[in-house]
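Structure first, commentary second.
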């Protein structure tokens, strides 16, 4: 930490930093001699001390009375440990204050010169990090050999020769950085736009000069042009993306009225929309389109369209490209013979168009298998990336103690622009500050044993209610699904076919009803429990909700994969995948309908009720956590269903689009922002994590299990006839091996790596070890942070010590001078 | 719009793009917002860099700033003359720093300047009191204001000089993950 600090009089930092009207020219010798005998290392030419002496000699008003009279701060110290610390209670003289405030570490935020100096240091560090060892011939001979390796001096020579100020050195550094680094540095500088423009212009001019001066080989010039072209393309792509920015105005209105919390729900909806769009594009382009262009031969008994299909997804839709069963299990060929049954091509009149060779073939089973796998893989990568980015922004290694300070400085939401919302936000902050003050001021009252026991009982009761209700509902779903299964087994033919189809809607309706009503029960239980800290209450509510949805989905997966897929003949199903796909479609649709009903009754009618009947002025609160969990549930269904219904992402996209507008109108009309403090970044991280871990992971485990172990139907779909869906990939590898014996390595690799579960175990083990190492690194960093904090405190103590010693010496000198003066006057 | 716009030269637009967090389209859109505040004062041709300054009253009447209690400080911090009268450069700078993509350090620097009412590069007790009163619209009692100020300085002041320097402020902001999302104006 002992950097050589430059106390040069002409140092621009000092010039820029000092605001005191110090007389910089007068140098006094006696004080420096005094200091020289007190200290060991070269404080003798310390500028601040000379200045201090100048001040004291010029003004006569600094007397002891003044020093002991006014204080730096008028705080009364209560029983703090600081009272015993003499340094803080000291009264500093005005010169000491000036000295303190012109210390280099304090001037960073103050002036332009200081900012330029700081950024010079930063660009220097960046250059050091980025630079590889340059070759010797890049240097002029005047570069000193010992520092030749750094490559810095070569460009600094002429700069120094010109009497460079820090600004020119900064321009120099900027010029030597890569273009993206330079732009990043420029943008992050806290200077005005005009100055940044000037810096940029000087950098570009300098660059042009050096480029035209030296002979740059043509390949690096080409590289330079390529980089410029790529940058332009990137900017135009960003502009294009921005111009089709979805719902910009709507989001601004929502954030203007409700703030960042409610906005996060709509942003989450937008994120889900993009995930589904990606899925839809992938499956649409590679699965739906080829199959739609080459429709298979359809059976004769195709049902006609009746309105019920939109709700049940069965009937007319079951023989369309929407479901798994439509896809063929052979390779599609582009040929000019029109014996593709059902295809409406106009027969070319006699003239034969050239037949395409069998190169343009499309192996449908393989494509189906790989596309679904690839879609899940890329979704996983994108999810993990956004989760880690969000986690990085919100996670802080050390616990923060400055709660009140953060509340004062970070709680005002600048996005809110509506007048009434601004007023509400002020009230909210006021209330929170009062609560925090009360919390901080009162001594922690320990609950008596009786009270603790009572609280434990209440918590236990609430949890018992929640778990019992969840288990009861899950049990109910299990038996109801069994009942419906048996009903279909009996195949009562005297039932009207429409009624039979409508009865398929019973299970989805029940599940959606449970999803809607049970969280209300959980809210009641939480109200009974009365948590002290609102964030704990939110986490508990999320936990209970999650528990409900996970158990419901588990039971449903068991019902589909364990009952229906295991024995499809018992319910007269020729194609169980179609049935499961239709079930998922029905569940998705019912979920949407029930959300609509909830919005209508829960928000719209409740508002009327509370205003007219209960005569309350407050509108219902928009429950962000519950709504986000519903979105996650819907997305899990969509991911579960992609394998069986490649068009399900399209349905989900439509659902999300409609949901956005419905929720937006409802929120604007009926709701108000949550009154409890809502920590946005933490909540966003939690939601993205929930989307990744229970939701996506569960869906991918189900899909993997289906592909790995369940026998596909023998009469429909792209995997008919195979033992498992996974065999499609294996068959292709075997075919490759047959066609080209050189690729036997690939076949063997496939057999050993992909099919062998040991490889997966080893992979997972390595992954866990890497995670463990990283957590150890984080622990180490925590320790380093505490050590550095200690060091900062020690440095602070050093500073205080020095200042007090100087004060002391100064006082001694003054008293001795006065004594001398009074003695003189007495004579 | 495309390449046919005649408001800025290509170099000017490139400079703006490199020095702010906005793309070309956003810069043009912001220019039109700036012009809409006073169409008779702002020319449509900025190629020769006219010296046009809009008075604070017009800036403060923008819907994004109209009801913000800190609007005067924001305008003062970002304006060249320190009075709140903004040129186009100041305007772009202001919204660039307050945009989503600005990094934490940059935002912390300007937030510090905004909360420093007396411009002495320190947030002292009087600055804090003014901040609190603006935050809560004078709803807190004097006692409570005093206690909150003391507590805040207690918590955040690392070098014990009784006021917050930029470093103390930045040290505290680093631990507040919500700062990035709240110190943000959508335009």
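Using N, Cα and C of the backbone, Cβ positions are placed for all residues, glycine too.
All annotation found in TrEMBL is predicted automatically rather than curated by experts.
TrEMBL lists A:262-288 (among others) with the feature transmembrane segment.
If one looks beyond the transmembrane segment (A:366-387) by at least 6 residues along the same chain, the residues whose Cβ comes under 8 Å of a Cβ in the stretch are 271, 275, 278-279, 282-283, 286-287, 290, 327, 639, 642-643, 685, 688-689, 691-692, 696, 700, 703, 707, 718-719, 725-726, 728-729, 732. Positions annotated as transmembrane segment by TrEMBL: A:366-387 (among others).
Among the features that TrEMBL reports, transmembrane segment is placed at A:461-481 (among others).
The annotation transmembrane segment is assigned in TrEMBL to A:502-526 (among others). Long-range contacts of the transmembrane segment (A:502-526) within its own chain (CB-CB distance under 8 A, at least 6 residues past either end) are made by residues 308, 311-312, 314, 462, 465-466, 469-470, 473, 476-477, 480-481, 484, 487, 537, 540-541, 544-545, 548-549, 552, 556, 582-583, 586-587, 589-591, 593-594, 597-598, 626, 630, 633.
Per TrEMBL, the feature transmembrane segment maps to A:546-566 (among others).
Model confidence over the domain 'TMC' (A:575-681) is summarised by a mean pLDDT of 87. Among the features that TrEMBL reports, domain 'TMC' is placed at A:575-681.
Residues or ranges marked as transmembrane segment in TrEMBL: A:587-609 (among others). Counting same-chain residues at least six beyond the ends of the transmembrane segment (A:587-609), those with a Cβ under 8 angstroms from any Cβ of the stretch are 311, 313, 505, 508-509, 511-513, 515-516, 556, 619-620, 622, 630, 633-634, 637-638, 641, 648, 651-652, 655, 658-659, 662-663, 666-667, 669-671.
Using a Cβ-Cβ cut-off under 8 Å and counting only residues 6 or more beyond its ends in the same chain, the transmembrane segment (A:683-708) has close neighbours at 261, 264, 267-268, 272, 369, 372, 376, 379-380, 383-384, 386-387, 390-391, 393-395, 538, 542, 546, 550, 553, 557, 561, 565, 624-625, 628-629, 632-633, 635-636, 639-640, 642-643, 724-726. What TrEMBL lists as transmembrane segment is A:683-708 (among others).
Residues or ranges marked as transmembrane segment by TrEMBL: A:758-775 (among others).
Outside the transmembrane segment (A:758-775) by six or more residues, the chain places 752 with a CB less than 8 A from a CB of the stretch.
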